[in-house]
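S.K.: Marked as transmembrane segment by TrEMBL: 20-43, 69-90, 102-121, 133-152, 164-188, 288-309, 321-345, 351-372.
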Amino acid sequence: MTGITLVDTATHWSWFGKLVITLLIEIGGLGFMTFTVLMFLLIRGKMSMSTKLLTSESLNLSTVSQFDIVYLVLKLSVAIQIIGAGLLFVDFYPRYGFQKGLAFSIFHSISAFCNAGFDLFGNSVQNFANNTYVLGVFAFLILAGSLGFLVWKDILTYRQNHRLSLHTTLALRTGFALFTLSFVMYFITENNLSQLADQLDVKQRLVNTIFMAITPRTAGLITFPYNELTASGMAFTIMLMFIGGTPGSTAGGIKTTTVGLLVIQSISTLKGQQEPTFAHRRFSQENIFRAIALIWVALVLVIAAIVVLTKTQALPKHDTLEYVTFEVVAAFGTTGISLGVTHYFNYFGQAIIMILMFIGRVGIYTVMYSILNAKPKQKSYHYPKEDILIG
């Protein structure tokens, strides 16, 4: 799911190994419970009520009655990947021939939609930096996969409901704001990729900057080595990877809605408002507390991993902290972008990276609830309130 590897996927694995990787990417991208629904759909079997309840909880559906929409979203996911493969095949067929072109089209359509970052080219999509058509197809697949299940559900049922949920509205607006900010920041910090001026014209560099604004938060497909980024561009990329994509999507990180909610909460607090509102609706206190806890745990997890890795791993002295931070956040955000530092890690260091990738994909709350077996408890008493100084 993450795309951070120790070997070259294109040359190291046999065709069977690549097939297994493709299947694992699909399962990891859609989610195990969602993939279970897909299997039931394909064999046209009937699901028990207990399975429906478990899947509904996994997919954050409020009621089992919403369960039927899962089928529609799954069909859409498969359809998008087929369309993506077809669009890629238009370019790959004359380039690689029928058999290899078809295999490459299917693999990379799945990898891009599932935001996995795996590729069979050996250098990500750097060979296509001057191919705006292929980059456009990849951008479409990445965005489609990073929207999230609930967002797609709302979009597909908009004609019937004539409204979008607060989650979808916040996710779409935050995602657009992050894309706009990313484009402006990369355009400024990288001077519209001036380091590629000898390879690409101004228009192509502009398209690559747009592609850069999309891929760091989720997919990990790159058009040039990220170790050539400026220091400010590197720092901004780390922030984007930490944020990640939309909840319920194929992306990792703390998620866009978490950041959006805390920004709105901060603005409301500074304005002296008692309750944060957005799109004429209020957020629950539980959502706010969960967002704060999630960011706090994520920061502690990432910082702890950075401290342990810089202390225990024998790494090149040049830019050690910057490179380790980048690698740790990339693993947690399941982006697949790597500066090559993982190759220097021993088994212990690689295990930490794998744990981060697992937590980033499954989700902090899922892992914490599984470990702590946390259950909501109602208290029959309340302690007295007392104010403290803040800031």
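Cβ atoms here come from the backbone N, Cα and C positions, even for glycine.
A description of the local structural setting of each listed feature is requested, covering burial, neighbours and distances.
M.R.: Within the chain carrying the transmembrane segment (102-121), a Cβ under 8 angstroms from the stretch's Cβ atoms is held by residues 1-5, 9-10, 18, 21-22, 25-26, 28-30, 77, 80-82, 84-86, 88-89, 92-93, 96, 127, 138, 141-142, 144-146, 218-221, 245, 249-251, 334-337, all 6 or more beyond its ends.
Same-chain residues lying 6 or more positions outside the transmembrane segment (133-152) and placing a CB less than 8 Å from one of its CB atoms are 29, 34, 59-60, 73, 76, 80-81, 84, 87-88, 90-91, 108-109, 112-115, 125, 165, 167-168, 171-172, 175, 207-208, 210-211, 214-215, 217-219, 221, 223, 245-251.
Using a Cβ-Cβ cut-off under 8 Å and counting only residues 6 or more beyond its ends in the same chain, the transmembrane segment (164-188) has close neighbours at 146-148, 150-151, 154-155, 158, 209-210, 212-214, 216-217, 233, 236, 240, 243, 245-247, 256-257, 259-261, 278-279, 281, 283.
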S.K.: Residues sitting near the transmembrane segment (321-345): Cβ under 8 Å, six or more positions beyond its termini, same chain?
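M.R.: For the transmembrane segment (321-345), the far contacts come to 1-6, 115-118, 215-222, 226-227, 231, 234, 237-238, 241-244, 251-253, 298, 301-302, 305-306, 309-310, 313-315, 352-354, 356-357, 359-361.
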